[in-house]
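What Swiss-Prot says about this one:
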DISULFID  CYS265-CYS330  disulfide bond
DISULFID  CYS294-CYS352  disulfide bond
DISULFID  CYS332-CYS341  disulfide bond
CARBOHYD  ASN66  N-linked glycosylation site
CARBOHYD  ASN213  N-linked glycosylation site
CARBOHYD  ASN226  N-linked glycosylation site
CARBOHYD  ASN440  N-linked glycosylation site
TOPO_DOM  1-7  topological domain 'Cytoplasmic'
TOPO_DOM  29-459  topological domain 'Extracellular'
TOPO_DOM  481-551  topological domain 'Cytoplasmic'
TRANSMEM  8-28  transmembrane segment
TRANSMEM  460-480  transmembrane segment
Amino acid sequence: MQVPRVKLLMGSGAMFVFAIIYGWVIFPKILKFMISKQVTLKPGSDVRELWSNTPFPLHFYIYVFNVTNPDEVSEGAKPRLQEVGPFVFDEWKDKYDLEDDVVEDTVSFTMRNTFIFNPKESLPLTGEEEIILPHPIMLPGGISVQREKAAMMELVSKGLSIVFPNAKAFLKAKFMDLFFRGINVDCSSEEFSAKALCTVFYTGEVKQAKQVNQTHFLFSFMGQANHSDSGRFTVCRGVKNNKKLGKVVKFADEPEQDIWPDGECNNFVGTDSTVFAPGLKKEDGLWAFTPDLCRSLGAYYQHKSSYHGMPSMRYTLDLGDIRADEKLHCFCEDPEDLDTCPPKGTMNLAACVGGPLMASMPHFYLGDPKLVADVDGLNPNEKDHAVYIDFELMSGTPFQAAKRLQFNLDMEPVEGIEPMKNLPKLILPMFWVEEGVQLNKTYTNLVKYTLFLGLKINSVLRWSLITFSLVGLMFSAYLFYHKSDSLDINSILKDNNKVDDVASTKEPMPPANPMQSSTVHPVQLPNTLIPGTNPATNPATHLKMEHRERY
């Protein structure tokens, strides 16, 4: 078969160009287009079903800081903390009352989180352990009144002594009572000061309190948030513009917040954290709005990672240094006065939750060193306390993530309330939580066999084509070099076969300078056996000796 050198050159060159264009340009665009059509929140799509009703629970961990020297701290001593945890819960997420707006390409929904205690994963903890924490009503209430309504201090102090008789600055209670079942708030007194204090419970200003009858309430950190409305979102469906998939456009039916003194901090940036757009660039970061903080937070790319053998990108985030970052000054009480900004690595939640609470990373990780030095018992480190996400950019899939956040009391002495008048001024850690997810193989295989299998096939195909084209180009160069018009493949194969035949039948060549040799006639030896041997024949009968010339 004759292959003209010009055709061989053109064919090999065309194959090379096709491999480059198809493998690195056309195929990626086709794949991205297919993903963009599949990954939307359009009713009836698989992504919509997974997004609205997460078919598996997230892991929710609670770590509590037990104060081991409460009486000394009440007199101004340095707090000694003992971390107790994790108390493990299964967190189920679902969205209900979904309303689609086809024109705006949005969907509105109400988010609901349900926490179910996991006794097996919590062992040896049971949830009935007694914990000592700052009094969750007296301390935040007293500090808030001193800062904002000092004229009412005497009335509030008297009311607290009636509603919480003999109360101290620190409360000892079971974990489940503090966080879910609730501690009792008795508003049955007819005293004016007690009634005035209880007004904030009856009007719903204390969001963590649940009314059980006409005169009693139960207060807990998370009980009211369990299996209840946690906010109504409106997000983009991504049908018309896939890059906007999941983007929050409204929360509580408002296009922006009215919490912070500057408008920029009130904007919604990113998604609701349960879905992300595919095809993001790693330098864009992963942004999500967090209602608990009344703020959007962004995670930034750190390095490449892998999950179950699939490549991913590791993202991390922190709360930053509000004082040092001009773009974050709107989170200060007064953006013009930097002294009102919280310390590095913390965020003041007073405007968001209505109390003297501060958010931070667990153990004040990446925070001001003074925060760690003010208390005993903290050990900040990246492994246990950093926030991270392992994310696959092309499909927009988070493979695993750990969202960690610590809640602290911005504590100070309160002269008007006897149990609080000698408290030290510092930021006291109370507890921290971790919301984690690790996709199992059922869901990672969806990505593996729809995305990575296609990428692998494309990689094999393009490199195979490139290899064949390079071989063709080398043969073409050979023909042009030898000025041959064509390549006779049959002749080459025939010549190769001839070479193989000659190589297999060729006799071995004699030595260059052969020496004469003679066989010495065997000498008859006595038939004697050596103990331990049993030769079949006498070796001397096969002995050959070289005949050497004497000089």
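Glycine residues also receive a Cβ, built from the backbone N, Cα and C atoms like all the rest.
Overlay of Swiss-Prot annotations on the structure.
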residue : record                      : contacts (Cβ under 8 Å, 6+ apart)
ASN66   : N-linked glycosylation site : LEU81, GLN82, GLU83, VAL84, ILE131, ILE132, LEU133
ASN213  : N-linked glycosylation site : none
ASN226  : N-linked glycosylation site : ASN113, THR114, PHE115, PHE180
CYS265  : disulfide bond              : GLN257, ILE259, ARG295, LEU328, CYS330, PHE331
CYS294  : disulfide bond              : GLN257, ILE259, TRP260, LEU349, ALA351, CYS352
CYS332  : disulfide bond              : PRO261, ILE322, ARG323, LEU338, THR340, CYS341, PRO342, ASN348
ASN440  : N-linked glycosylation site : PHE56
Mean pLDDT across the topological domain 'Extracellular' (29-459) comes out at 92
DSSP says ASN66 (N-linked glycosylation site), in three-state terms, is strand
For CYS330 (disulfide bond), the three-state DSSP class is helix
For CYS352 (disulfide bond), the three-state DSSP class is helix
The sparsest Cβ environment within 10 Å, among the disulfide-bonded residues CYS330, CYS341, CYS352, is found at CYS330
